[in-house]
Every structure is written in C-alpha cells, then in structure tokens.
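Quick notes on the structure that follows.
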Amino acid sequence: MSMKYLMLLFAAMIIRSFADSGNAIETTSPEITNATTDIPAIRLCGPEGDGYCLHGDCIHARDIDGMYCRCSHGYTGIRCQHVVLVDYQRSENPNTTTSYIPSPGIMLVLVGIIIITCCLLSVYRFTRRTKLPIQDMVVP
C-alpha cells in the first residue's frame with residue numbers, strides 16, 4: 001500500500017469523525033479571548049465539484065485541502081467508482097448473516113456423482129476394450 005493511499009485513508013477517518021459535529025474555533029491574544037461561531041468540519045463542494053464523485057457527495061474538509069468523496073451505500077473508491085460486491089456488503093440488520101458457501105451435504109453429493117460417473121465410464125471402456133470379437137465357427 002503506498003503512502004498516498006494511507007494518507008487518504010487517514011483523511012477519510014478524520015472526515016468521518018468530524019462529519020456530524022461542528023467545532024468552535026477559539027482565538028486568543030494578549031488582550032482578547034473570545035469564541036467564534038461554529039465552522040462546519042466538512043462542507044459540500046460547490047459547482048467545481050459537480051461530477052467529481054461518481055456515486056456519492058463531493059465534500060471539502062476544513063483541515064485538509066482538496067475534494068473528497070463520501071460514497072453512497074454500495075460504492076467505494078477514491079471517487080466512488082467501484083461497486084461493492086453483493087457477497088461482501090454488510091446487511092442492514094447486524095444480527096443477520098448471509099452465507100453463499102454451499103453446504104457440505106451438497107458438496108458431498110456432487111463429489112459422489114462425479115466419482116460414480118468416472119467409475120462407470122472406466123468399467124464401460126474396459127469391457128469394450130477386452131471384448132473378443134466373435135470368431136466364425138466353422139463346422140467340419
């Protein structure tokens with residue numbers, strides 16, 4: 001994993017941690033100490049961000065320069081360009097699990113059918129190969 005992706009991952013974690021909270025900035029000087037109004041940690045991109053994110057919202061982080069994407073459900077990637085496969089999507093209900101692995105019983109039946117088919121084919125080939133041709137019987 002390159003350093004660029006690690007930095008992007010770290011930035012995404014920061015963006016998510018500040019996504020729902022606005023933080024007040026406090027300015028101090030020797031004479032004046034006051035709290036300013038809340039500045040949102042992230043804000044949506046303006047018209048310059050239209051079309052930047054393929055399946056999500058374009059956002060600007062307060063502490064980080066550049067545009068980032070907040071992907072819609074089922075998409076991932078820097079610009080939300082990758083579809084998350086159905087097998088790997090988390091269910092909306094955390095108590096349910098979805099398994100796409102065939103049960104051992106089905107696997108055993110399939111393996112058994114394959115073995116029986118191979119045995120029958122080998123017996124058929126062996127008997128066909130060893131069958132002696134019928135010789136004409138000559139009556140004296």
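Cβ atoms are placed via backbone N, Cα and C, with glycine included.
Reviewing Cys69, Cys71, the cysteine that Swiss-Prot connects to Cys53 via a disulfide bond turns out to be Cys69.
Looking up Cys58 in Swiss-Prot gives a disulphide bond to a cysteine among Cys45, Cys71, identified as Cys45.
With the fewest other Cβ atoms inside 10 Å of its Cβ, the least crowded of the disulfide-bonded residues Cys45, Cys53, Cys58, Cys69, Cys71 in this structure is Cys45. For the domain 'EGF-like' (41-81), the DSSP counts in helix, strand and coil order read 3 helix, 16 strand, 22 coil.
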